[in-house]
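Over in Swiss-Prot, the protein carries these features:
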type	residues	note
ACT_SITE	ASP255	active site, proton acceptor
BINDING	LEU140, GLY141, GLU142, GLY143, SER144, TYR145, ALA146, THR147, VAL148, LYS163	ATP binding site
COMPBIAS	455-468	compositional bias 'Polar residues'
DOMAIN	134-418	domain 'Protein kinase'
MOD_RES	SER24	phosphoserine
MOD_RES	SER77	phosphoserine
MOD_RES	SER94	phosphoserine
MOD_RES	SER133	phosphoserine
REGION	102-131	region 'Disordered'
REGION	448-468	region 'Disordered'
Amino acid sequence: MCDLIEPQPAEKIGKMKKLRRTLSESFSRIVLNVISFVFQICVTKMSTRNCQGMDSVIKPLDTIPEDKKVRVQRTQSTFDPFEKPTNQVKRVHSENNACINFKSSSAGKESPKVRRHSSPSSPTSPKFGKADSYEKLEKLGEGSYATVYKGKSKVNGKLVALKVIRLQEEEGTPFTAIREASLLKGLKHANIVLLHDIIHTKETLTLVFEYVHTDLCQYMDKHPGGLHPENVKLFLFQLLRGLSYIHQRYILHRDLKPQNLLISDTGELKLADFGLARAKSVPSHTYSNEVVTLWYRPPDVLLGSTEYSTCLDMWGVGCIFVEMIQGVAAFPGMKDIQDQLERIFLVLGTPNEDTWPGVHSLPHFKPERFTLYSSKNLRQAWNKLSYVNHAEDLASKLLQCSPKNRLSAQAALSHEYFSDLPPRLWELTDMSSIFTVPNVRLQPESGESMRAFGKNSSYGKSLSNSKH
(Lines of atoms letter the chains of each structure in order from A and count residues from 1; the text may use other names and numbers.)
(Lines give C-alpha, C1' and ligand atoms only; values in the text may rest on other atoms or scores of the structure.)
Protein backbone atom coordinates (compact mmCIF):
# COMPACT_ATOMS: atom_id res chain seq x y z
CA MET A 1 0.00 0.00 0.00
CA CYS A 2 1.24 3.48 -0.85
CA ASP A 3 1.96 5.98 1.87
CA LEU A 4 -0.55 8.82 1.98
CA ILE A 5 0.75 12.38 1.78
CA GLU A 6 -0.67 14.67 4.42
CA PRO A 7 -2.14 17.99 3.20
CA GLN A 8 0.17 20.98 3.65
CA PRO A 9 -0.97 24.44 4.80
CA ALA A 10 -1.52 26.88 1.93
CA GLU A 11 1.13 29.27 3.27
CA LYS A 12 3.74 26.51 3.35
CA ILE A 13 2.87 25.40 -0.18
CA GLY A 14 3.25 28.99 -1.41
CA LYS A 15 6.71 29.27 0.14
CA MET A 16 7.76 25.95 -1.38
CA LYS A 17 6.62 27.07 -4.86
CA LYS A 18 8.47 30.37 -4.49
CA LEU A 19 11.64 28.55 -3.44
CA ARG A 20 11.32 26.16 -6.38
CA ARG A 21 10.92 29.02 -8.85
CA THR A 22 13.95 30.80 -7.41
CA LEU A 23 16.10 27.68 -7.63
CA SER A 24 14.87 27.00 -11.17
CA GLU A 25 15.76 30.51 -12.34
CA SER A 26 19.22 30.26 -10.78
CA PHE A 27 19.78 26.82 -12.28
CA SER A 28 18.76 27.87 -15.79
CA ARG A 29 21.13 30.85 -15.68
CA ILE A 30 24.01 28.73 -14.45
CA VAL A 31 23.41 25.85 -16.82
CA LEU A 32 23.56 28.04 -19.96
CA ASN A 33 27.18 28.79 -19.06
CA VAL A 34 28.12 25.47 -17.51
CA ILE A 35 26.82 23.15 -20.22
CA SER A 36 29.08 24.73 -22.86
CA PHE A 37 32.04 24.26 -20.53
CA VAL A 38 31.09 20.65 -19.81
CA PHE A 39 30.69 20.04 -23.53
CA GLN A 40 34.24 21.25 -24.19
CA ILE A 41 35.94 19.20 -21.45
CA CYS A 42 34.01 16.00 -22.17
CA VAL A 43 34.66 15.64 -25.90
CA THR A 44 37.67 13.41 -25.43
CA LYS A 45 35.49 10.84 -23.66
CA MET A 46 33.24 10.31 -26.68
CA SER A 47 32.93 6.98 -28.42
CA THR A 48 30.85 6.38 -31.51
CA ARG A 49 29.73 3.92 -34.10
CA ASN A 50 31.43 4.97 -37.28
CA CYS A 51 29.96 5.88 -40.65
CA GLN A 52 31.89 4.97 -43.77
CA GLY A 53 34.64 7.47 -44.38
CA MET A 54 34.39 9.14 -40.96
CA ASP A 55 37.36 11.28 -39.98
CA SER A 56 39.91 9.49 -37.84
CA VAL A 57 39.23 11.90 -34.96
CA ILE A 58 35.99 9.97 -34.37
CA LYS A 59 37.16 6.46 -33.57
CA PRO A 60 35.12 3.30 -34.11
CA LEU A 61 33.99 1.68 -30.88
CA ASP A 62 36.04 -1.46 -31.46
CA THR A 63 39.29 0.58 -31.38
CA ILE A 64 38.65 1.82 -27.85
CA PRO A 65 39.81 -0.26 -24.86
CA GLU A 66 36.99 -1.94 -22.94
CA ASP A 67 37.68 0.07 -19.79
CA LYS A 68 37.41 3.35 -21.73
CA LYS A 69 34.16 2.73 -23.58
CA VAL A 70 31.26 5.06 -22.92
CA ARG A 71 28.09 3.53 -24.30
CA VAL A 72 24.59 4.89 -24.61
CA GLN A 73 22.23 2.52 -22.84
CA ARG A 74 19.40 1.06 -24.89
CA THR A 75 16.12 1.23 -23.04
CA GLN A 76 13.47 -1.21 -24.20
CA SER A 77 9.89 -0.58 -23.23
CA THR A 78 6.60 -2.34 -23.81
CA PHE A 79 5.57 0.43 -26.20
CA ASP A 80 4.95 -0.90 -29.70
CA PRO A 81 4.66 1.83 -32.35
CA PHE A 82 2.96 -0.53 -34.79
CA GLU A 83 -0.05 -1.13 -32.58
CA LYS A 84 -1.18 2.48 -32.43
CA PRO A 85 -1.02 4.44 -35.69
CA THR A 86 0.25 8.00 -35.47
CA ASN A 87 -1.52 10.93 -37.07
CA GLN A 88 -1.07 11.44 -40.78
CA VAL A 89 2.29 13.06 -41.39
CA LYS A 90 2.35 16.27 -43.41
CA ARG A 91 5.27 18.37 -44.49
CA VAL A 92 4.83 21.79 -42.94
CA HIS A 93 7.07 24.74 -42.34
CA SER A 94 6.94 27.73 -40.08
CA GLU A 95 5.80 30.89 -41.78
CA ASN A 96 8.80 32.65 -43.36
CA ASN A 97 11.28 31.10 -40.97
CA ALA A 98 12.39 27.58 -40.17
CA CYS A 99 14.25 28.46 -37.02
CA ILE A 100 11.51 27.45 -34.62
CA ASN A 101 11.15 24.36 -32.48
CA PHE A 102 7.63 23.53 -31.30
CA LYS A 103 7.76 21.91 -27.87
CA SER A 104 5.49 21.97 -24.86
CA SER A 105 5.65 24.92 -22.50
CA SER A 106 3.27 27.34 -20.87
CA ALA A 107 2.88 30.98 -21.82
CA GLY A 108 4.33 33.74 -19.72
CA LYS A 109 4.49 37.52 -19.48
CA GLU A 110 7.33 39.70 -20.62
CA SER A 111 9.63 41.24 -18.04
CA PRO A 112 12.15 43.99 -18.61
CA LYS A 113 14.55 42.52 -16.10
CA VAL A 114 17.66 41.33 -17.95
CA ARG A 115 19.68 38.45 -16.60
CA ARG A 116 22.54 37.89 -19.06
CA HIS A 117 24.86 39.20 -21.73
CA SER A 118 24.99 42.93 -21.05
CA SER A 119 27.53 44.77 -23.20
CA PRO A 120 29.33 47.94 -22.18
CA SER A 121 27.97 51.08 -23.82
CA SER A 122 26.62 54.49 -22.88
CA PRO A 123 23.77 54.56 -20.33
CA THR A 124 21.25 55.84 -22.87
CA SER A 125 22.16 53.73 -25.92
CA PRO A 126 20.67 50.30 -26.74
CA LYS A 127 22.78 47.37 -25.56
CA PHE A 128 23.24 43.81 -26.70
CA GLY A 129 21.60 41.48 -24.22
CA LYS A 130 18.84 43.97 -23.43
CA ALA A 131 15.21 43.23 -24.26
CA ASP A 132 14.68 46.77 -25.54
CA SER A 133 17.60 46.49 -27.98
CA TYR A 134 15.39 44.79 -30.56
CA GLU A 135 12.22 45.92 -32.27
CA LYS A 136 9.67 43.25 -33.20
CA LEU A 137 8.45 43.79 -36.76
CA GLU A 138 6.14 40.83 -37.39
CA LYS A 139 5.31 37.38 -36.10
CA LEU A 140 6.75 34.58 -38.26
CA GLY A 141 5.46 31.53 -36.42
CA GLU A 142 4.19 30.30 -33.08
CA GLY A 143 4.03 27.07 -31.14
CA SER A 144 3.34 25.97 -27.59
CA TYR A 145 7.06 26.23 -26.82
CA ALA A 146 8.25 29.36 -28.67
CA THR A 147 7.26 32.25 -30.89
CA VAL A 148 9.49 33.57 -33.67
CA TYR A 149 9.45 37.20 -34.75
CA LYS A 150 11.16 39.08 -37.50
CA GLY A 151 12.97 41.87 -35.72
CA LYS A 152 15.45 44.68 -36.07
CA SER A 153 18.45 45.50 -33.93
CA LYS A 154 18.44 49.01 -32.50
CA VAL A 155 22.20 48.69 -32.06
CA ASN A 156 23.24 48.17 -35.68
CA GLY A 157 19.97 48.23 -37.65
CA LYS A 158 20.30 44.66 -38.93
CA LEU A 159 17.34 42.32 -39.35
CA VAL A 160 17.21 39.45 -36.88
CA ALA A 161 15.00 36.50 -36.00
CA LEU A 162 13.83 36.59 -32.39
CA LYS A 163 13.02 33.16 -30.98
CA VAL A 164 11.11 33.92 -27.78
CA ILE A 165 10.88 30.88 -25.53
CA ARG A 166 8.28 31.02 -22.80
CA LEU A 167 9.58 29.72 -19.49
CA GLN A 168 7.44 27.48 -17.34
CA GLU A 169 6.62 29.10 -14.02
CA GLU A 170 7.91 26.23 -11.93
CA GLU A 171 10.12 24.26 -14.31
CA GLY A 172 12.33 27.11 -15.51
CA THR A 173 14.12 27.04 -18.87
CA PRO A 174 13.17 24.11 -21.17
CA PHE A 175 16.19 21.88 -21.62
CA THR A 176 15.76 21.94 -25.40
CA ALA A 177 16.31 25.71 -25.26
CA ILE A 178 19.36 25.36 -23.02
CA ARG A 179 20.74 22.71 -25.36
CA GLU A 180 20.19 24.82 -28.47
CA ALA A 181 21.73 27.95 -26.94
CA SER A 182 24.72 26.16 -25.46
CA LEU A 183 25.57 24.35 -28.69
CA LEU A 184 25.10 27.34 -30.98
CA LYS A 185 27.26 29.56 -28.77
CA GLY A 186 30.30 27.55 -29.85
CA LEU A 187 29.44 27.01 -33.52
CA LYS A 188 30.83 29.54 -35.99
CA HIS A 189 30.36 28.45 -39.59
CA ALA A 190 28.99 29.97 -42.77
CA ASN A 191 26.50 27.11 -43.11
CA ILE A 192 25.15 27.23 -39.56
CA VAL A 193 22.68 29.89 -38.48
CA LEU A 194 24.45 32.47 -36.34
CA LEU A 195 23.32 33.12 -32.77
CA HIS A 196 23.88 36.85 -32.16
CA ASP A 197 22.58 37.31 -28.65
CA ILE A 198 20.80 35.71 -25.68
CA ILE A 199 18.33 37.63 -23.53
CA HIS A 200 17.19 35.97 -20.31
CA THR A 201 14.37 37.50 -18.30
CA LYS A 202 12.20 36.02 -15.58
CA GLU A 203 9.48 34.91 -18.00
CA THR A 204 11.30 34.40 -21.33
CA LEU A 205 14.52 33.30 -22.94
CA THR A 206 15.09 35.01 -26.28
CA LEU A 207 17.59 33.67 -28.80
CA VAL A 208 18.56 36.32 -31.34
CA PHE A 209 19.53 34.78 -34.69
CA GLU A 210 20.62 36.23 -37.99
CA TYR A 211 17.56 36.69 -40.19
CA VAL A 212 17.26 34.34 -43.16
CA HIS A 213 14.22 34.94 -45.32
CA THR A 214 13.21 31.41 -46.38
CA ASP A 215 13.92 27.70 -45.96
CA LEU A 216 14.49 24.78 -48.30
CA CYS A 217 10.92 23.54 -47.85
CA GLN A 218 9.50 26.85 -49.04
CA TYR A 219 12.10 27.04 -51.81
CA MET A 220 11.07 23.62 -53.17
CA ASP A 221 7.38 24.51 -52.87
CA LYS A 222 8.07 27.63 -54.92
CA HIS A 223 9.93 25.61 -57.58
CA PRO A 224 8.07 22.29 -57.93
CA GLY A 225 9.18 19.42 -60.14
CA GLY A 226 12.78 19.28 -58.97
CA LEU A 227 15.39 22.00 -58.56
CA HIS A 228 18.04 22.96 -61.09
CA PRO A 229 20.76 20.26 -60.84
CA GLU A 230 23.52 22.82 -60.32
CA ASN A 231 21.58 24.38 -57.46
CA VAL A 232 20.98 20.96 -55.90
CA LYS A 233 24.73 20.39 -55.96
CA LEU A 234 25.49 23.71 -54.28
CA PHE A 235 22.80 23.24 -51.63
CA LEU A 236 23.99 19.69 -50.89
CA PHE A 237 27.63 20.78 -50.72
CA GLN A 238 26.73 23.44 -48.15
CA LEU A 239 24.62 21.00 -46.12
CA LEU A 240 27.48 18.49 -45.99
CA ARG A 241 29.93 21.26 -45.17
CA GLY A 242 27.89 22.36 -42.17
CA LEU A 243 27.30 18.78 -41.00
CA SER A 244 30.97 17.88 -41.33
CA TYR A 245 31.77 20.85 -39.09
CA ILE A 246 29.39 19.82 -36.29
CA HIS A 247 30.12 16.09 -36.61
CA GLN A 248 33.83 16.75 -36.12
CA ARG A 249 32.80 18.44 -32.89
CA TYR A 250 30.82 15.37 -31.84
CA ILE A 251 27.44 17.06 -32.30
CA LEU A 252 24.45 15.40 -33.98
CA HIS A 253 21.69 17.59 -35.38
CA ARG A 254 19.01 14.85 -35.07
CA ASP A 255 16.26 16.82 -36.82
CA LEU A 256 17.35 17.26 -40.42
CA LYS A 257 14.50 18.20 -42.75
CA PRO A 258 13.96 20.90 -45.40
CA GLN A 259 12.15 23.12 -42.88
CA ASN A 260 15.32 23.34 -40.78
CA LEU A 261 17.61 24.34 -43.65
CA LEU A 262 17.46 28.10 -44.12
CA ILE A 263 18.17 29.66 -47.53
CA SER A 264 19.39 33.26 -47.83
CA ASP A 265 18.64 35.52 -50.76
CA THR A 266 22.14 34.82 -52.10
CA GLY A 267 21.68 31.05 -51.91
CA GLU A 268 23.54 30.33 -48.69
CA LEU A 269 22.17 27.27 -46.89
CA LYS A 270 22.30 27.30 -43.10
CA LEU A 271 21.57 24.55 -40.59
CA ALA A 272 19.02 25.76 -38.05
CA ASP A 273 16.87 24.60 -35.14
CA PHE A 274 19.30 22.79 -32.88
CA GLY A 275 16.63 22.12 -30.24
CA LEU A 276 17.05 18.36 -30.66
CA ALA A 277 20.80 18.46 -31.31
CA ARG A 278 22.95 16.43 -28.96
CA ALA A 279 26.61 16.62 -27.98
CA LYS A 280 27.62 12.97 -28.00
CA SER A 281 30.14 13.44 -25.23
CA VAL A 282 27.61 14.79 -22.74
CA PRO A 283 26.20 11.83 -20.77
CA SER A 284 22.46 11.17 -20.94
CA HIS A 285 20.15 8.29 -20.12
CA THR A 286 19.35 7.33 -23.69
CA TYR A 287 18.68 9.02 -26.98
CA SER A 288 14.98 9.24 -27.73
CA ASN A 289 13.82 7.51 -30.90
CA GLU A 290 11.06 10.13 -31.20
CA VAL A 291 13.25 12.50 -33.18
CA VAL A 292 13.36 13.58 -36.81
CA THR A 293 10.17 14.14 -38.77
CA LEU A 294 8.86 10.75 -39.93
CA TRP A 295 9.75 11.19 -43.60
CA TYR A 296 13.41 11.78 -42.77
CA ARG A 297 13.73 9.28 -39.93
CA PRO A 298 16.16 6.39 -40.60
CA PRO A 299 14.97 2.78 -40.40
CA ASP A 300 17.16 1.96 -37.40
CA VAL A 301 15.44 4.68 -35.35
CA LEU A 302 12.00 3.67 -36.68
CA LEU A 303 12.74 0.16 -35.43
CA GLY A 304 13.49 1.42 -31.93
CA SER A 305 17.27 1.77 -31.91
CA THR A 306 18.56 4.29 -29.40
CA GLU A 307 22.24 3.68 -30.16
CA TYR A 308 23.06 6.01 -32.99
CA SER A 309 25.70 8.42 -34.12
CA THR A 310 26.36 10.90 -36.90
CA CYS A 311 25.03 8.27 -39.30
CA LEU A 312 21.52 9.29 -38.22
CA ASP A 313 21.98 12.69 -39.85
CA MET A 314 23.34 11.13 -43.05
CA TRP A 315 20.09 9.28 -43.75
CA GLY A 316 18.29 12.63 -43.64
CA VAL A 317 20.85 14.05 -46.08
CA GLY A 318 20.05 11.25 -48.54
CA CYS A 319 16.31 11.88 -48.27
CA ILE A 320 16.74 15.62 -48.81
CA PHE A 321 19.10 15.03 -51.76
CA VAL A 322 16.54 12.83 -53.53
CA GLU A 323 13.73 15.28 -52.77
CA MET A 324 15.63 18.22 -54.26
CA ILE A 325 16.25 16.29 -57.49
CA GLN A 326 12.95 14.43 -57.84
CA GLY A 327 10.66 17.19 -56.59
CA VAL A 328 8.80 14.92 -54.15
CA ALA A 329 9.71 13.45 -50.77
CA ALA A 330 11.70 10.23 -50.98
CA PHE A 331 9.62 8.29 -48.45
CA PRO A 332 6.37 10.19 -47.77
CA GLY A 333 4.73 7.92 -45.22
CA MET A 334 1.05 8.76 -44.78
CA LYS A 335 -0.16 6.44 -42.03
CA ASP A 336 2.21 5.24 -39.36
CA ILE A 337 5.68 3.83 -38.69
CA GLN A 338 4.72 0.54 -40.36
CA ASP A 339 3.81 2.40 -43.55
CA GLN A 340 7.02 4.45 -43.38
CA LEU A 341 9.16 1.32 -43.12
CA GLU A 342 7.26 -0.40 -45.93
CA ARG A 343 8.00 2.55 -48.22
CA ILE A 344 11.70 2.32 -47.37
CA PHE A 345 11.89 -1.46 -47.81
CA LEU A 346 10.00 -1.27 -51.12
CA VAL A 347 13.01 0.56 -52.58
CA LEU A 348 15.96 -0.68 -50.52
CA GLY A 349 14.74 -4.21 -49.83
CA THR A 350 13.48 -5.80 -46.63
CA PRO A 351 16.52 -6.27 -44.38
CA ASN A 352 17.77 -9.48 -42.82
CA GLU A 353 20.80 -10.48 -40.78
CA ASP A 354 22.88 -10.85 -43.96
CA THR A 355 22.15 -7.37 -45.33
CA TRP A 356 21.94 -5.67 -41.93
CA PRO A 357 23.73 -7.51 -39.10
CA GLY A 358 21.92 -6.95 -35.81
CA VAL A 359 18.56 -5.94 -37.28
CA HIS A 360 16.78 -8.84 -35.56
CA SER A 361 17.84 -7.50 -32.17
CA LEU A 362 16.13 -4.13 -32.69
CA PRO A 363 13.11 -3.73 -30.37
CA HIS A 364 10.44 -3.33 -33.05
CA PHE A 365 11.76 -5.57 -35.83
CA LYS A 366 9.34 -8.44 -36.41
CA PRO A 367 10.00 -10.10 -39.81
CA GLU A 368 6.42 -11.35 -40.11
CA ARG A 369 5.13 -7.77 -40.09
CA PHE A 370 6.84 -6.76 -43.33
CA THR A 371 6.35 -7.68 -46.96
CA LEU A 372 9.48 -9.32 -48.37
CA TYR A 373 10.93 -6.93 -50.97
CA SER A 374 14.14 -7.20 -52.96
CA SER A 375 16.31 -4.11 -53.43
CA LYS A 376 16.18 -2.16 -56.69
CA ASN A 377 18.18 0.53 -58.44
CA LEU A 378 17.31 3.94 -57.05
CA ARG A 379 16.56 5.28 -60.53
CA GLN A 380 13.65 2.86 -60.69
CA ALA A 381 12.08 4.72 -57.79
CA TRP A 382 13.34 8.21 -58.64
CA ASN A 383 14.01 8.49 -62.36
CA LYS A 384 15.54 11.98 -62.23
CA LEU A 385 18.59 10.63 -60.41
CA SER A 386 19.62 9.22 -63.79
CA TYR A 387 19.78 12.72 -65.28
CA VAL A 388 22.79 13.77 -63.20
CA ASN A 389 26.23 12.19 -63.26
CA HIS A 390 27.03 10.20 -60.09
CA ALA A 391 23.84 11.33 -58.30
CA GLU A 392 22.42 7.82 -58.01
CA ASP A 393 25.68 6.45 -56.64
CA LEU A 394 25.92 9.14 -53.97
CA ALA A 395 22.27 8.72 -52.97
CA SER A 396 22.71 4.95 -52.69
CA LYS A 397 25.65 5.40 -50.31
CA LEU A 398 23.66 7.72 -48.08
CA LEU A 399 20.40 5.73 -48.08
CA GLN A 400 21.73 2.58 -46.44
CA CYS A 401 19.45 0.76 -43.99
CA SER A 402 22.41 -0.32 -41.89
CA PRO A 403 23.74 2.85 -40.24
CA LYS A 404 27.36 1.66 -40.33
CA ASN A 405 27.23 1.54 -44.14
CA ARG A 406 26.21 5.18 -44.61
CA LEU A 407 28.75 7.60 -45.98
CA SER A 408 29.99 10.26 -43.56
CA ALA A 409 29.61 13.95 -44.32
CA GLN A 410 33.35 14.39 -44.83
CA ALA A 411 33.56 11.41 -47.18
CA ALA A 412 30.49 12.56 -49.12
CA LEU A 413 32.20 15.89 -49.83
CA SER A 414 34.89 13.93 -51.68
CA HIS A 415 32.41 11.98 -53.82
CA GLU A 416 32.69 12.18 -57.62
CA TYR A 417 29.33 13.93 -57.74
CA PHE A 418 31.13 17.13 -56.70
CA SER A 419 34.13 16.66 -59.01
CA ASP A 420 33.15 19.48 -61.38
CA LEU A 421 33.06 22.13 -58.64
CA PRO A 422 36.00 24.58 -58.26
CA PRO A 423 38.78 23.10 -56.05
CA ARG A 424 38.86 26.31 -54.00
CA LEU A 425 35.60 25.28 -52.34
CA TRP A 426 37.49 22.70 -50.29
CA GLU A 427 40.01 25.33 -49.14
CA LEU A 428 37.55 27.81 -47.65
CA THR A 429 37.76 28.80 -44.01
CA ASP A 430 34.79 27.89 -41.81
CA MET A 431 33.20 31.33 -41.94
CA SER A 432 33.71 31.83 -45.70
CA SER A 433 30.70 31.44 -47.99
CA ILE A 434 31.01 29.23 -51.06
CA PHE A 435 29.73 32.19 -53.06
CA THR A 436 33.00 34.05 -52.45
CA VAL A 437 34.57 31.69 -55.01
CA PRO A 438 34.44 33.11 -58.56
CA ASN A 439 31.75 31.67 -60.86
CA VAL A 440 29.94 29.91 -58.02
CA ARG A 441 26.32 31.08 -58.09
CA LEU A 442 22.78 29.74 -58.21
CA GLN A 443 21.14 29.16 -61.59
CA PRO A 444 17.63 30.41 -62.44
CA GLU A 445 14.97 27.86 -61.53
CA SER A 446 12.28 26.72 -63.96
CA GLY A 447 9.67 24.00 -63.78
CA GLU A 448 11.40 22.00 -66.49
CA SER A 449 15.01 22.65 -65.45
CA MET A 450 15.67 19.08 -64.32
CA ARG A 451 14.01 17.53 -67.38
CA ALA A 452 15.87 19.88 -69.73
CA PHE A 453 19.14 19.15 -67.98
CA GLY A 454 18.55 15.43 -68.37
CA LYS A 455 17.97 15.72 -72.10
CA ASN A 456 21.03 17.91 -72.66
CA SER A 457 23.53 16.08 -70.45
CA SER A 458 25.67 13.35 -71.95
CA TYR A 459 24.46 10.97 -69.25
CA GLY A 460 20.84 11.77 -70.02
CA LYS A 461 21.41 11.38 -73.76
CA SER A 462 23.01 7.96 -73.34
CA LEU A 463 20.05 6.80 -71.27
CA SER A 464 17.63 8.18 -73.83
CA ASN A 465 19.45 6.47 -76.70
CA SER A 466 19.50 3.16 -74.85
CA LYS A 467 15.70 3.15 -74.85
CA HIS A 468 15.52 3.19 -78.67
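Heads up, the Cβ atoms here are built off N, Cα and C, so glycines get one too.
These figures come from a predicted structure and were not determined experimentally.
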Residue, out of the binding-site residues LEU140, ALA146, VAL148, whose Cβ gathers the largest set of other Cβ atoms within 10 Å: ALA146
Stretch-averaged pLDDT - the domain 'Protein kinase' (134-418): 89
Around the Cβ of the residue listed as 'active site, proton acceptor', the count of other Cβ atoms that are within 10 Å: 23
Cβ neighbour count within 10 Å of SER133 (phosphoserine): 22
Per DSSP, three-state class assigned to ALA146 (ATP binding site): strand
Alpha-carbon spacing, ALA146 (ATP binding site) to SER133 (phosphoserine), which is rounded to whole Å: 20
C-alpha spacing of LEU140 (ATP binding site) relative to ASP255 (active site, proton acceptor), in angstrom: 20
In three-state DSSP terms, the structure that LEU140 (ATP binding site) belongs to: strand
SER133 (phosphoserine) in three-state DSSP notation: helix
